[in-house]
Amino acid sequence: MPGQELRTVNGSQMLLVLLVLSWLPHGGALSLAEASRASFPGPSELHSEDSRFRELRKRYEDLLTRLRANQSWEDSNTDLVPAPAVRILTPEVRLGSGGHLHLRISRAALPEGLPEASRLHRALFRLSPTASRSWDVTRPLRRQLSLARPQAPALHLRLSPPPSQSDQLLAESSSARPQLELHLRPQAARGRRRARARNGDHCPLGPGRCCRLHTVRASLEDLGWADWVLSPREVQVTMCIGACPSQFRAANMHAQIKTSLHRLKPDTVPAPCCVPASYNPMVLIQKTDTGVSLQTYDDLLAKDCHCI
């Protein structure tokens with residue numbers, strides 16, 4: 001009996017699977033059963049979709065773990081060379097003649113500090129966030145970063161997968177949600193800049209009153225994200241708050257001059273503002289027009305603060 005079959009699936013699991021399946025596209029790596037199928041999906045189909053969602057969730061947790069590991073290492077080794085940071089881009093991709101894959105990477109999407117080929121530690125390309133196969137494109141991307149004209153709007157890569165994979169690539173490329181995972185070495189002298197910043201952290205106004213990092217716990221509903229973000233359900237939002245007295249965490253000479261002029265002409269020159277000096281990346285599982293994807297946001301959570 002159908003009812004007996006459905007009882008083999010855990011109730012909370014099936015509710016989660018049905019909720020996720022309602023967001024997924026036809027034909028993708030996380031596709032729904034065919035719309036024309038009138039009967040309710042059986043346990044084997046539910047198990048298959050549940051496994052695919054678990055795979056996406058595992059990729060999310062793995063990426064989050066790598067990002068946190070990068071951050072923890074960097075925070076505890078500020079005088080050493082930190083581990084590579086992870087950034088995820090979404091290049092344009094098309095399948096050319098002979099089974100070649102052509103990638104177009106917009107320069108506007110490249111992280112700060114590129115194009116410096118020496119900063120690129122590793123680059124991995126996948127046709128979708130859930131694809132099991134990836135291509136190491138570190139060498140061709142380094143070459144493009146070294147040779148391409150700085151004014152060129154995009155970088156172009158051509159991949160030559162094995163002939164045995166051409167048919168599968170042809171089928172997957174039409175519904176691809178490509179992902180380029182970059183592992184970047186940090187820019188030089190970062191730890192020394194942080195050490196100098198910590199030396200000027202004594203607040204003349206009293207503890208907790210000057211420019212500093214502040215954390216607020218917020219739900220997806222609080223942020224207005226509940227209709228498009230699936231995970232995490234709660235975010236520890238870090239932001240910069242506090243006053244900017246003279247010489248406190250001044251970002252540059254302009255901030256110092258602004259402080260001096262504010263003392264002389266407070267009605268016409270505003271005081272410096274406390275703003276983020278750098279950011280921590282954040283990974284979201286989010287709904288898209290074509291299904292569910294992982295997305296890294298590089299400028300969402302403040303990491304350090306200064307006055308400007």
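Glycine too: its Cβ is placed from the backbone N, Cα and C atoms.
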Which listed span Swiss-Prot calls region 'Disordered', if the choices are 48-73, 126-151, 152-177, 178-203: 152-177
According to Swiss-Prot, the disulfide-paired cysteine of Cys244 among Cys305, Cys307: Cys307
Cys305: disulphide-linked cysteine among Cys210, Cys240 [source: Swiss-Prot]: Cys240
Cross-link partner of Cys274 (disulfide, per Swiss-Prot) out of Cys210, Cys211: Cys211
Pairwise CA distance, Cys203 (disulfide bond) versus Cys244 (disulfide bond), rounded so that it is a whole Å: 9
Cβ-based isolation winner (fewest other Cβ atoms within 10 Å) among the disulfide-bonded residues Cys203, Cys274, Cys305, Cys307: Cys203
Cβ packing number for Cys244 (disulfide bond), 10 Å threshold: 25
Cys211 (disulfide bond) CB neighbourhood, other CB atoms within 10 A: 24
